[in-house]
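**Student:** What follows is a structure written as structure tokens; I'll ask about it next.
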Amino acid sequence: MTVAIGRSDSERGWFDVLDDWLKRDRFVFLGWSGLLLLPCAYLAVGAWFTGTTFVTSWYTHGLASSYLEGCNFLTAAVSTPANSMGHSILFVWGPEAQGDFTRWCQIGGLWTFTALHGALGLIGFTLRQFEIARLIGLRPYNAIAFSGPIAVFVSVFLLYPLGQAGWFFAPSFGVAAIFRFLLFFQGFHNWTLNPFHMMGVAGVLGAALLCAIHGATVENTLFEDGDGSNTFPAFNPTQAEETYSMVTANRFWSQIFGVAFSNKRWLHFFMLFVPVTGLWMSAIGVVGLGVNLRAYDFVSQEIRAAEDPEFETFYTKNLLLNEGIRAWMAVQDQPHENFVFSEEVLPRGNAL
């Protein structure tokens, strides 16, 4: 006797029909996650192209920022809203723009549109990895790994400005604009000396080193199992045997370092752990800066350097440079504040 478990076609509702259609096997998988990913990614990318092509930053930053004004790919940007907008979501129909699309673009509405849809698109991409992994019986480590970039994006573009006075202090979406934000972070937060930044650098550069070492080691130990000039055509995706010698790789690195991974599972988990942990540490550090937490202020060196003109360290020299960044950037970056600094307050010292 055969027992059928499930519901008959007559009991299937619209949700079941939609679920089947979304999860149908097609060239590009759609899925429930696609309902979030595809429209949000399309709108975020479209808004960025629109802003960098046509929209000025004159009303928000006093800058030219579009191809229409003469910028190139490196200098164009979708700039953050005006400082006076605070943390407003800036809906087109909101009290700021009042349904005027041109005014909405002028006050920085495209930035909030791009940032929020971009964040939702990234989250949708992670959910897509979860969904496909679940359907084909994989573990969800790809989605877990992608949580690192999401954490960095959300912390830098959303959480940091939420802790500050407004969206104005977030990075604008552009290459040179990101560079300016890095200088801002250093000058106002001494970011390079922050331990969370150090862990982030160690994670990202360490991951690059691990990736290079791993790729080179596998290439070095490929089995010569083909007749061609190289071993690439000899590989078959369905072959049962190994394509490189783990034993040889282990012996090589044991001679180099004295220790080596003998377990492929630990090796690849370590390659996952290093960059993802580094990105998460960076994200945590940025959230801390959002609420103006300080890290590594060596006050004793500052006091001694102030009292003894012959005593200076790389730390005190960097502090002078940070003071210069703050003094000169504030005038340029916030022209609406009409800052005026007299010559006496500008930083002086051997560092300059």
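Using the three backbone atoms N, Cα and C, a Cβ is placed for every residue, glycine included.
Bear in mind that the values here come from a model prediction, so they are computed numbers and not experimental data.
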**Student:** Would you please say which range out of 244-260, 261-277, 278-294 has the annotation transmembrane segment in Swiss-Prot?
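**Tutor:** My reading of Swiss-Prot: the transmembrane segment range is 278-294.
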**Student:** Can you dig out which of the ranges 73-89, 90-106, 124-140, 311-327 Swiss-Prot describes as transmembrane segment?
**Tutor:** 124-140
**Student:** What range among 18-38, 207-227 does Swiss-Prot record as transmembrane segment?
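**Tutor:** Among 18-38, 207-227, the range Swiss-Prot annotates as transmembrane segment is 207-227.
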**Student:** Give the range, chosen from 110-123, 152-165, that Swiss-Prot lists as transmembrane segment.
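**Tutor:** Spelled out, Swiss-Prot records transmembrane segment over residues 152-165, not the other listed ranges.
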**Student:** With an 8 Å cut-off on Cβ pairs and a sequence gap of 6 or more, do the transmembrane segment (152-165) and the transmembrane segment (40-60) reach 3 or more such pairs?
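**Tutor:** Per Cβ check, the transmembrane segment (152-165) does not touch the transmembrane segment (40-60).
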**Student:** Where else in the chain does the transmembrane segment (278-294) make close Cβ contacts, counting only residues six or more beyond its ends and a cut-off under 8 Å?
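**Tutor:** Long-range Cβ neighbours of the transmembrane segment (278-294): 147-149, 151-152, 154-156, 159-164, 185, 189-191, 194-197, 199-204, 206-207.
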**Student:** Specify the nearest of the binding-site residues H117, H197, F261 to H268 (Fe cation binding site), where nearness means the distance between Cα atoms.
**Tutor:** F261
**Student:** Tell me, if you would, which residue among H117, H268 (binding-site residues) has the fewest other CB atoms within 10 Å in the structure shown?
**Tutor:** H268
**Student:** Counting other Cβ atoms within 10 Å of each Cβ, which of the binding-site residues H197, H214 scores lowest?
**Tutor:** H214
**Student:** Consider the binding-site residues H117, H197, F261 and say which one has the Cα lying nearest the Cα of H214 (Fe cation binding site).
**Tutor:** F261
**Student:** Do you know offhand how many angstrom separate H117 (chlorophyll a ChlzD2 binding site) and H197 (chlorophyll a PD2 binding site) by C-alpha?
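**Tutor:** Approximately 27 Å lies between the Cα of H117 (chlorophyll a ChlzD2 binding site) and that of H197 (chlorophyll a PD2 binding site).
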